[in-house]
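Noted in TrEMBL for the protein shown:
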type	residues	note
DOMAIN	41-287	domain 'G-protein coupled receptors family 1 profile'
TRANSMEM	23-47	transmembrane segment
TRANSMEM	59-78	transmembrane segment
TRANSMEM	98-120	transmembrane segment
TRANSMEM	141-168	transmembrane segment
TRANSMEM	205-225	transmembrane segment
TRANSMEM	237-258	transmembrane segment
TRANSMEM	270-289	transmembrane segment
Amino acid sequence: METENLTVVTEFILLGLTQSRDIQLLVFVLVLIFYLIILPGNFLIMFTIRSDPGLTAPLYFFLGNLAFLDASYSFIVVPRMLVDFLSENKVISYRGCITQLFFLHFLGAGEMFLLVVMAFDRYIAICRPLRYSTTMNSRACYALLLALWLGGFTHSIVQVALILHLPFCGPNQLDNFFCDVSQVIKLACTDTFVVELLMVSNSGLLSLLCFLGLLASYAVILCRIREHSSEGKNKAISTCTTHIIIVFLMFGPAIFIYTRPFQAFPADKVVSLFHTVIFPLMNPVIYTLRNQEVKASMRKLLSQHMVC
């Protein structure tokens with residue numbers, strides 16, 4: 001009889017960032033501005049790299065894919081978030097919630113793996129320059145790209161599979177502006193200790209290991225750069241510094257959210273906002289400001305279209 005009285009949850013109510021209408025309006029304007037920069041910025045990077053014959057090196061191939069992932073990642077949360085700011089009832093269906101969660105982790109993990117691949121590319125280019133052309137040929141680049149997509153899919157499908165086995169019978173209020181593992185799992189009508197442990201191992205440990213591995217690899221690369229005196233030394237240091245900045249911006253929030261038990265902290269929503277909205281903006285801004293070749297190619301491309 002107890003089981004028969006359980007109500008199956010078919011939708012979740014998103015409580016959003018804040019209940020203050022004035023703060024909601026301010027955040028709405030800021031997020032909209034960010035979004036109007038994210039999409040054109042990332043699409044401009046993709047179009048520039050694809051149209052310029054001088055940007056065919058593996059570094060730019062992976063940079064173009066990073067821009068694609070950022071643009072795709074921004075579609076998962078931001079459009080619905082902007083609509084919810086103007087809506088009284090912030091409701092998302094169970095299926096919609098699981099779908100959002102799946103793509104969030106699919107693209108997020110894919111981007112983590114892509115940063116690992118880019119670190120590997122820089123290691124070969126700087127520490128094994130004679131082998132670079134043979135190691136990082138087009139076939140190897142596409143194989144690495146396929147591997148990171150498969151890795152992201154595997155990571156995400158594990159997350160979703162664990163959640164689908166949980167019973168949800170109420171309450172159905174998510175204390176955030178989107179669906180994520182840490183909020184959804186707390187609403188399950190069962191003991192979730194083991195599932196939380198598995199999810200922390202899957203997301204948190206993955207983020208932490210990738211982060212430490214990337215820092216170690218870039219430390220080795222920077223040490224090797226300083227041992228050599230060459231014309232490309234400053235360029236190599238600039239490229240590696242850019243990558244390290246991106247690594248901290250991406251993995252910092254992920255480690256904060258996923259490497260601890262799923263308990264609410266006051267900073268969770270701010271960190272989530274940075275991770276889902278502001279971070280996709282950082283890649284085009286940082287890369288275009290620090291990469292001379294991409295900036296020069298963009299100026300050339302924009303001047304051609306303005307003349308036409």
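Every residue gets a Cβ built from N, Cα and C, even glycine.
Owing to the predicted nature of the structure, the values given are computational and were not obtained by experimental measurement.
Away from its own ends, the transmembrane segment (141-168) comes close to residues 6, 8-9, 58, 61-62, 65, 94, 98, 101-114, 116-117, 120, 181, 184-185, 187-190, 192, 195, 198-199, 202-203, 206 of its chain (Cβ-Cβ under 8 Å, at least six residues beyond either end). Cβ atoms under 8 Å from those of the transmembrane segment (205-225) belong to residues 109, 112-113, 115-116, 119-120, 122-123, 126-127, 155, 233, 236-237, 240, 243-244, 247, 251, 254-255, 258-259 of the same chain, restricted to positions at least 6 beyond its ends.
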